[in-house]
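Right, one structure below, let's go through it.
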């Protein structure tokens, strides 16, 4: 029988993990901020395939939100999240209160420098420091063998991989492909903010990336050209406001001018007040 | 038979730990920068009493030294260190090269804010960030049940305890009393820098703290008075130069004016060119 429960304290998680470890079972972790969609589900599915036990954390992490960001309005729906987790054969949902995760005098932060200054980090100072800190905490609480992150948050994935390497976490980080709506929009909890019209307009993100991929495949090597192609496509939509269009090295996340090896093409666009991101990685054939 | 070895790679450590864990053995860790003395030995002894297996790391951690500090001249003597560890019944000495611990593109740092800005942190920016980062790495490599730190480095002990609490490391931090020479000088690898005359003069640190303890025990509650008493004693020695004399809350390390609960009285003094530290914790009786 598939056992499943939702728990709220670190102590309970440690107890479960300890029992599983005694039985020699492998453990997969999916860290989320809840309001789960098909993207998260694909991570949980993958974790279930590859591990004996799967833990999903559902925690809207306050320290990764900036002062003017959507911490208070970020969508929450733990009952539905729990149902999705159970159906995807997770074994444990860890859904702590904020005070369970952060003491009043908490003063410790984990930060990855360099990789976090560009892309989303440029406009969201402290965001990745908040992500790295909470992920470190969850790694120490759950001590998984593998942890699953979506390629949609490409910078986050690169940052977490670097953190794990640098701090010697004995955990394999597994990146999972972006899950899209039928019309191509990347799944995101923030899509729920979009009006019907904005939902339509949001397609420009994926469309612009498709065009970029086309000219890359045809042999284009100049980042400027790629950037212009994406820009042209997005500016067709009047309500779209480009935050960034970046072509960077996949590992260092440093901007590249000429495409010679593996690059990440990442964009962030405001559709109305909602900031959406999308990306793809392109491997230049030698 | 007591098994002992010196190893140099993270991979070998993990292998050992894995085997020990399979047998259900408990593991204690003593992190050091080598050039071991009685102080370190007391930590290893304590770890041997309380754990099935003991790992001692010997690594002069470059990222905790400032640009003008003594990284290159810091004393090293791994053969003697290994002997001391074996005699103290440690099972493993982990003595990595710098490149084994830090990749060229390493970019991740662990920092405890607040607690690290005063005392030794004031004059050594980045020092505790370097300590927390390397200790996090060693925790993740060795995954000990308990880790042992000397009370001599009182700020370091407070910072590590906070880090472990904040980042949910599942490790008990054990603080161990200062070990002193017969004449009262706190043991330190840096004592080796002292000339015969300086060695004599260095006694002023412990002497001044003894005087402070005397007046505290008699009921003195004003930090200013304590500070003056210490200062008077130290300035009797012409070659002594006070770096700081601090009376702070034991947990938050914030300065206190009036002594009402547990305080740390900590001093740092240059004897010639050698910077020495000493301290004691005073619990006010209610």
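Every residue, even glycine, has its Cβ placed from backbone N, Cα and C.
Counting every protein chain shown, 19 other Cβ atoms lie within 10 Å of the Cβ of residue A:151 (ATP binding site). Under DSSP, residue A:151 (ATP binding site) is assigned to coil, being neither helix nor strand in the three-state scheme. What TrEMBL lists as ATP binding site is A:33-40, A:150-153, A:179, A:187-190.
Taking Cβ-Cβ distances under 8 Å and a sequence gap of 6 or more within the same chain, the neighbours of residue A:40 (active site, proton donor) are A:30, A:32, A:56, A:84, A:150. Per TrEMBL, the feature active site, proton donor maps to A:40.
Neighbours of residue A:64 (beta-alanine binding site), defined as other CB atoms within 10 A of its CB across all chains, total 21. Annotation comment: TrEMBL describes A:64 as beta-alanine binding site.
The feature (R)-pantoate binding site is assigned by TrEMBL to A:64, A:156.
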Three-state secondary structure, which DSSP defines for residue A:33 (ATP binding site): coil
Residue A:156 ((R)-pantoate binding site) and residue A:39 (ATP binding site), distance between Cα atoms, whole Å: 15
Inter-residue Cα distance where the pair is residue A:36 (ATP binding site) and residue A:64 (beta-alanine binding site), in Å: 18
Binding-site residues (A:33, A:36, A:179), the one with most neighbouring Cβ atoms at 10 Å: A:36
From binding-site residues A:33, A:36, A:179, A:189, the one whose Cα lies nearest residue A:156 ((R)-pantoate binding site): A:33
Largest tally of Cβ atoms lying within 10 Å of a Cβ, found at which of the binding-site residues A:156, A:189: A:156
